[in-house]
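Student: Pulled these features from Swiss-Prot for this protein:
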TRANSMEM  24-44  transmembrane segment
TRANSMEM  69-89  transmembrane segment
TRANSMEM  92-112  transmembrane segment
TRANSMEM  133-153  transmembrane segment
TRANSMEM  158-178  transmembrane segment
TRANSMEM  199-219  transmembrane segment
TRANSMEM  239-259  transmembrane segment
TRANSMEM  263-283  transmembrane segment
TRANSMEM  288-308  transmembrane segment
TRANSMEM  337-357  transmembrane segment
Amino acid sequence: MFLWLAHFSNWLTGLNIFQYTTFRAVMAALTALAFSLMFGPWTIRRLTALKCGQAVRTDGPQTHLVKNGTPTMGGSLILTAITVSTLLWGNWANPYIWILLGVLLATGALGFYDDWRKVVYKDPNGVSAKFKMVWQSSVAIIAGLALFYLAANSANNILIVPFFKQIALPLGVVGFLVLSYLTIVGTSNAVNLTDGLDGLATFPVVLVAAGLAIFAYVSGHYQFSQYLQLPYVAGANEVAIFCTAMCGACLGFLWFNAYPAQVFMGDVGALALGAALGTVAVIVRQEFVLVIMGGLFVVEAVSVMLQVGWYKKTKKRIFLMAPIHHHYEQKGWKETQVVVRFWIITIVLVLIGLSTLKIR
């Protein structure tokens, strides 16, 4: 919204700063951060008053039983902060902004309904897996179709392989939709599975969003994208504003979500943030880079699939407990040790992902 102030730069030279993406990206992060910090205490009080306490699974780690009753659905604060900040600092004429907000809020609505059922019926399982998959699939397919339609040229419909500048595979509409679906739905569920310890998913989301913000800015800048041999995606620079808003909102939320957590983001936050990250990766054509930078999310999801699949086949478990962060808890790691060590791993993975900008 503030972008329109740049039109009055002829009257007041200083207003010209509002046309710069970098300035608006920084301000989007600070605005979302301030919003989360300002309304965090109020949100926690309201959730507590509404008795929106987390129902902890009795078959999980016994150390988690003390978390029973901790307010959940705090992700609604994150989504509100992202939406407000993006609308304030983003370009409303950019279709990517509306697609991202649409995906964020649509999957957030699913998560909200899931959390609501858990709170009202005291059922840790929430909505059925079938209902959740149908909703996520619908959002991913609609977003994929919209992004394919917006593709200005064939360069926006290719599969980029990191570290190899000569490998770029054309996808076509079917391939594009399949890849978009897997990326958006897969990341949404992976982040949700990761959100099992205080702050475990929140800070990695910040790191991955920051990394994708850099890719978005570069991809939306013709000279930079050509120099780094990345596909030029017109308008993708505005996506960086959405990403930095996500960074700020999650950092502000982490203030209250750090151990011992005063509030959990719940499915309303985790499902939405994951889907948004996946959508950003599709826009900038960096699905494989997302797999690298979000390696923690991938490992968490794969650990669950391996555990379930192997148990169904052999009635034995690969891990002491899945997702894998619970495995390390069962091995004797403190919750804070698991969280910080997984953060460190994510920092390394994001740096590796950023190295693909130049190493080709």
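Just so you know, glycine gets a Cβ as well, placed from its N, Cα and C.
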Student: Between the transmembrane segment (158-178) and the transmembrane segment (288-308), are there at least three Cβ pairs closer than 8 Å, leaving out pairs fewer than 6 positions apart?
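Tutor: Answer yes: the transmembrane segment (158-178) meets the transmembrane segment (288-308) with 3 or more Cβ pairs below 8 Å.
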Student: Run the contact check on the transmembrane segment (69-89) against the transmembrane segment (24-44): 3 or more C-beta pairs under 8 Å, excluding pairs closer than 6 in sequence.
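Tutor: Judged by the Cβ rule, the two regions touch, with the required three close pairs present.
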Student: With contact taken as 3 or more Cβ pairs under 8 angstroms (pairs 6 or more apart in sequence), are the transmembrane segment (133-153) and the transmembrane segment (92-112) in contact?
Tutor: yes
Student: Any chance the transmembrane segment (92-112) and the transmembrane segment (288-308) have 3 or more Cβ pairs under 8 A, given the pairs are 6 or more apart in sequence?
Tutor: no
Student: Between 24-44, 263-283, 288-308, 337-357, who has the most Cβ pairs under 8 Å to the transmembrane segment (199-219)?
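Tutor: The stretch with the most close Cβ contacts to the transmembrane segment (199-219) is 337-357.
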Student: May I ask whether the transmembrane segment (24-44) has at least three C-beta pairs under 8 Å with the transmembrane segment (239-259), counting pairs 6 or more apart in sequence?
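Tutor: Judged by the Cβ rule, the two regions touch, with the required three close pairs present.
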